[in-house]
């Protein structure tokens, strides 16, 4: 009989066995060697690259080896390293002739300096760790190279749009890249979706070449069925290449155009030189006739003139130009151009014509000469004639003032104002830049006209002797009159600004009584006669009217002064009776005056006054003393 816990022990035995197995497996797992190797490494050509191989776990002793997988599948050993303690002993076995050679660093990583396209292989890292086992891992190395500038070689020939099949357009080259690039084609900047299979509308072919350097070159050729619209189209190609980390680049070629052959569908024929809106050209100008067809390449052009319904060939060239130097009126007529394009459709009009109209204007002719001399108040008619095409228009002007239109100019009742230059102008209304003029000068002969500047009127007697006055006389006539004055001093006759034909002279003088009586005259004369004008001044007052007042004032002043002197003298004579005695008995001898006695001042003064009064009454004969 089993103990009570037998079933429990029976059930626990398998569990213990499983645990023991798991523990053993765990110890083996810890002992197994593992590697850390990047599966894919990308590098640009010429750059250095390191392929890492790191064993995981603690291993005191292991051997690390690097192998290269070549194209035949063989695995030559490149290098090995053995871990002894804490140092790794490195040994290089086969560098495969690489320059610079492979190297191992102190960590066991494989170093490739200056990566080359030939390095693009699988590199195998093997680690042997004795009881821990052996581990192996592979690193794939990709080397990228940017291709050179994209080149394009367009078809230099002439491609016909009348071909029913696709024609070779251009070849595009992308050289020395890795991996091989892709080439695309563009028309006017838009990508062309063309297949690689041949078909009439278009396709492309490609060819890849591995160069000696290991780099790849790609050539693509484009074929298209062309249309007339492609004559102005711009084509180019582009190379698309790959870079590390999934990046891409693009290199575009220069653009190019094609030379196409297509038949003429339209012809234009026109006058290339400047012409009026009505289509006239001037005689003497250089005229160009231009003919253009829209075919390609440029066809031959035949230029001709129609005379009597017959074609007279003038020129044949590939430019379609005809130049007429110094065109004359005799070259007016119908001209034509014909495009010699035998590929053109039957319904295309290949010939065009135009009418060349040469405008001309001959010199004008006047019925009179350059100078026309007519008497005053007479009449005349002058005719202006001209020949031109189209019909000229005539206009007469004088001093820029219109006188009338038409060939006839009527002059009636002419005056000196009619003098001047008359211009006949001929113009062509439809050819504004073509005109001619002719002129003549009219000289009106006659007795002079005379005008005098009137003296400002003064009241009678307001002119005085010595007043200054300026007199002016103006005249005109033909021949030009001479101006003279009745007195000397007149200025030379000079033209008057702004008054055609008039001359004037001035005379400045002082007014006198003689001038008032006789007047001053100016006279204009020429071979036809003379005219005279007399200036009058009326009554001229003498200049003494004011001087008399001054003289009278002086006389009164002198008289008063003499009176004062006389009174003073008489007062100096002492004794009034003595004055009386002298009047009675006669004056004493000169030099012996009679003196008065002292103390008789008042009687003497009284006597003097009295004697003076009586003496004046008697009117004695005493002279100066009697006057006293």
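Positions of Cβ are set from backbone N, Cα and C atoms, glycine also.
Unlike curated records, TrEMBL annotations are generated automatically.
These come from TrEMBL:
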- 609-628: compositional bias 'Gly residues' (COMPBIAS)
- 14-142: domain 'Ig-like' (DOMAIN)
- 147-257: domain 'Ig-like' (DOMAIN)
- 274-355: domain 'Ig-like' (DOMAIN)
- 363-441: domain 'Ig-like' (DOMAIN)
- 448-541: domain 'Ig-like' (DOMAIN)
- 480-499: region 'Disordered' (REGION)
- 577-628: region 'Disordered' (REGION)
- 1-31: signal peptide (SIGNAL)
- 549-571: transmembrane segment (TRANSMEM)
Secondary structure tally of the domain 'Ig-like' (274-355) (DSSP, helix then strand then coil): 3 helix, 44 strand, 35 coil
With a Cβ cut-off under 8 Å, give me the same-chain residues at least six positions beyond the ends of the region 'Disordered' (480-499) that come close to it. 448, 473-474, 505-509, 520-526, 530
Per DSSP, what is the residue count of the domain 'Ig-like' (448-541) in each of helix, strand and coil? 6 helix, 48 strand, 40 coil
Helix, strand, coil: count each for the residues of the domain 'Ig-like' (363-441), based on DSSP. 3 helix, 50 strand, 26 coil
Maximum Cβ pairs under 8 Å to the domain 'Ig-like' (147-257) among 274-355, 363-441, 448-541 is reached by 274-355
With DSSP as the reference, give the number of residues of the domain 'Ig-like' (147-257) in helix, strand and coil. 8 helix, 59 strand, 44 coil
Provide the three-state DSSP residue tally for the domain 'Ig-like' (14-142): helix first, then strand, then coil. 24 helix, 58 strand, 47 coil
